[in-house]
Amino acid sequence: MNVLLVCECREGNLRDESYELIAFAERLGASRAFVLVGGEDAVPRAEGTLYLADGARGGEYNPELHKRIVLAAAEREDPDCIVFIHSSYGWDLAPRVAAALGAAQVSEVVAVAGDGTFEVGCCNAKLRRTVAPMTSRTVVTIQAGAFAPSGLPHGVPTVVRLDLADDSPRIEFVGYEAAEKKGVDLGKAEIIVSAGRGVGKKENVAVIADLARALGGELGASRPVVDAGWVDHGHQVGTTGQVVSPRLYVACGISGAIQHVAGMKKADFVVAINTDRDAPIGEVADILVVADVMQFVPALTARMMQ
Ligand SMILES: Cc1cc2nc3c(=O)[nH]c(=O)nc-3n(C[C@H](O)[C@H](O)[C@H](O)COP(=O)(O)OP(=O)(O)OC[C@H]3O[C@@H](n4cnc5c(N)ncnc54)[C@H](O)[C@@H]3O)c2cc1C
């Protein structure tokens, strides 16, 4: 199997998730080539052929131009599978490429299931479906955080310049506008203590907030806690919340779903408190305390206050 990995730049820099594309290719046992619209500075540290196109004329994202660039790379590589990150870039561009090629598209893949099939989340990621593409060529987007890179990135790609005969853009890329930050900016917090569904009820969130205060940190939350209205969305950590990189992250009653972990996996040190010793959060935690949060957290806070 041969895959074409579509790397992604944001404001001139290669997105780290581009390395997750490599982990996905490794999981498939596929040979790989890359395509990137961006500058030489953004080239990924990896072995393989990299089709590099200068997107400067069309701005950082120009759907029509980027589609033609990916298709030009696909024509040369004849890949079985073209892979994007499931980001705003990928979910806009992947269907355009799939439609142009008449290829099946599988969105938000979280695992490779074997025999050319993929697992995707459903029912708010509580269940997984196994999807079998019906076309010989497939376009895939992968969930950020689902395919962890093995080791540090290394290598130098063989760069092949892609120059389109006609790269005159028909739309103008104006720029990015950051969403208005409401409430706390968790991105700058050094310590975050987060409440998950395991805290049980809205009133119990105060116990988690007390620990955050005692540690001099901020309160974070998982999505169900926000959806239930226990905590404002400004505190949500994860793919649809904030991406954080504190020195210490304390996950209280949080299972460790991919979408949550994608938002906190850059924390230096993770402590998880969970009644389930097999909860997936244990895979990213440096310390897993198997305990009831409502017993353990107040005791810890009291000790911190001494
Ligand atoms: C498109 C999409 C985007 C999403 N974006 C996000 C996002 O940005 N952020 C996010 O968090 N989620 C997000 N989700 C939801 C995500 O898939 C999970 O459903 C969610 O993270 C689960 O939250 P949780 O761990 O608090 O709850 P659960 O998965 O229900 O886990 C609760 C945990 O608490 C433990 N527990 C129960 N009682 C106790 C107790 N007394 N003491 C200690 N532990 C206890 C349980 O063992 C369990 O591990 C998204 C989902 C989708 C589909």
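Glycine residues also receive a Cβ, built from the backbone N, Cα and C atoms like all the rest.
Unlike curated records, TrEMBL annotations are generated automatically.
The feature domain 'Electron transfer flavoprotein alpha/beta-subunit N-terminal' is assigned by TrEMBL to 3-177.
The feature FAD binding site is assigned by TrEMBL to Arg197, 222-223, 236-240, 253-260, Asn274. The Cβ of His260 (FAD binding site) lies under 8 Å from the Cβ of Gly196, Ser222, Arg223, Val237, Gly238, Ile254, each of which sits 6+ residues away along the same chain.
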Q. Near Gln236 (FAD binding site), how many other Cβ atoms are within 10 Å of its Cβ?
A. 24
Q) Ile254, Ala257: which of these binding-site residues has the highest Cβ count within 10 Å of its own Cβ? A) Ile254
Q: Any same-chain residues 6+ apart from Arg197 (FAD binding site) with CB under 8 Å of its CB? Would you list them in sequence order, or say none?
A: Ser222, Pro224, Val225, Ala228, Gly253, Ile254, Ser255
Q. Just how many other Cβ atoms lie inside 10 Å of the Cβ on Thr239 (FAD binding site)?
A. 20
